[in-house]
Amino acid sequence: MAMEEARKTTGRKKGGLRTMPFIFANEVAEKLAVVGFSTNMLTYLTTQLHMPLAKAATTLTNFGGTSAATPLIGAFLADACIGRFWTIAAASIVYQVGMALLTVSAALPQFRPPPCKPGGAAACQEAAPWQLAVLYASLLLNAVGAGGYRPCIVAFGADQFDESRAAERARSWGFFNWYYFCNGASMLLAVTAVVYVQDNVGWGWGLGVPAVCMGVSVAAFVAGYPMYRRLDPAGSPFTRLAQVVVAAAKKRRLPARDVDAAALYENDDLDAPISMYGKLVHTYQLSFFDRAAVVTDGDLVTPTDASSGKTSPPPVPNPWRLSTVHRVEELKSVIRMGPIWAAGILVITASSTQHTFSLQQATTMDRRLAPGLSAFQIPAGSMTVFALLAMLLTLFVYDRALVPLARRVTGLDRGISFLHRMGVGFALSVLATLVAGFVERHRRAAAAAAGATDAGTSPLSAYWLVPQYALHGVAEAFTSVGHLEFMYDQAPESMRSTATALFWLSISLGSYASTLLVDAVHRWSAGPGGANWLPDNINHGRLDYFYWVVTMLQIMNLVYYAICAKRFTFKPVQLHKEVEEEEEGGKALVELQEKV
């Protein structure tokens, strides 16, 4: 019944591939705006607002931390209160206001301090407090917008494919590939065209163009409202998880022999709003929480009509004393996801080096586009283009060639499981940092041979960095998309926005872990006279050793992941009867299409 009512509400003809242009356009515009200003924001803060380098770096770190924390709030609002569509729409508008304010502050000279006078940094006047307040307000609005947008757009896009139909469910796994492809393409455009406009035309245009694009995409996204499949929020998932923990704790002294799997409490009507496609069945892992579904005296309350004195069966459970099997398994699913989720953090730590130390390597190398033929130099910050190109090419080949081929062998709609996909990405990430260490050793030796150690330059071509950038890009195509698929697929139906928020949280934690690792290496490798592995002039340091430390940590992480993946128990789902019928019909249709 829950499935039938949901279909009447959303309609069979809603959703599907025709909604993808609206969703992808919004994602492309968001990435253009965010990456376009975040990539070059350090330059804007130091050259336009005359911030000291340390203060500018702290400002960006605080903005990144806030942007990483707010998705949990946005996910809660989407899953518990207003649904994903309205969360995305509201967050996009807040995003738009923040970008407009940032554009105005960059375009009008009143919002910036006067240009520096001749005489060095001492002649530069830092931005006034009210000018900084405008900047902070725009960054805060962008962080709030990111909090509502990021955890919902992926889940909302996947919602457009009906999981009860095998043909549509197969398309949903392709959605994750194309979502990340659009994500990467927009980032590629941002770090090339948008950054070029900012540096050579002006910050007003450099921030204004993405802001206008985002405004158009927001209007287009809202215009697609009649076509979307919109799933209603099902109440706070955090409250349900807490209720299971409290109920199990209250019954902690219950003898194990009284916990009979066949007698655990189930209530399909109560669980209908949070189990549209199927309910979770009992598993024997984490058996302590099964106590929450054991019926004891006082757990069930029979509501009474005060006016007539008549009772209205059936009895209703007190949620803080009794939970259904489905809700207990929701908590178990979230706990089981934890180790796999955590394994993705260190990969982000490794890939973040391409935005810091790999960038520093590029600044000390020969960056001529065509040595001997052209004097044009590739901007050091644009070296990430090679990682993005490798990621985009991998995603295209994966979706167009590897998935159809693997599907014939494995029988899986997505070709290979997301656990295997993540494992391949982890191994490639290990290879990327290993190669980076050898390239750095070669670069440092070339600088020493040319006598360029003090000047901080090396005659070696920056194209030597392409392999490590490309390997990081290919690794991301496997790891990040597999991680995203895993979080969406294994999360309970009612917590998919929250699961996507956790994906973004892992990215944030990986960045913070990189900061802690660099600080630890600084302290541990410190020698007499202030020497260490990571000095300002990397020709005097041992960056290769740092890369190999990261490689060793990743090898340990890969072993840890392999153990967790082998022991992982997939979410056990019993499909509703009508979904099973759709499943059989969908499989027959897919088989017929493959034969044709």
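Glycine too: its Cβ is placed from the backbone N, Cα and C atoms.
Whatever TrEMBL says is automated annotation, not expert-curated.
Long-range neighbours of the transmembrane segment (178-197) within the same chain, counting only residues 6 or more positions beyond its ends whose Cβ lies under 8 Å from a Cβ of the stretch, are 20, 24, 27-29, 31-32, 35-36, 39-40, 154, 157, 205-206, 209-210, 379, 381-382, 384-385, 388-389, 391-392, 395-396, 399, 477, 480-481, 484. What TrEMBL records for 178-197 (among others) is transmembrane segment.
Residues or ranges marked as transmembrane segment by TrEMBL: 203-225 (among others).
The transmembrane segment annotation in TrEMBL covers 375-398 (among others).
Summarising the annotation, TrEMBL assigns transmembrane segment to 418-439 (among others).
For 502-525 (among others), the entry in TrEMBL reads transmembrane segment.
If you look up TrEMBL, you'll see 545-563 (among others) marked as transmembrane segment. Long-range Cβ contacts of the transmembrane segment (545-563) within its own chain (Cβ-Cβ under 8 Å, at least 6 residues beyond either end) map to 339-340, 343, 346-347, 349-350, 353, 357, 422-423, 426-427, 429-430, 433-434, 436-437, 440, 517-518, 521, 525, 533-534.
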Report summary line: Sequence-distant residues near the transmembrane segment (375-398) by C-beta distance (under 8 Å, 6 or more away from its ends) are 39-40, 177-178, 180-181, 184-185, 187-188, 191-192, 195, 354-355, 358-359, 362-363, 367-369, 415, 462, 465-466, 469-474, 476-478, 481
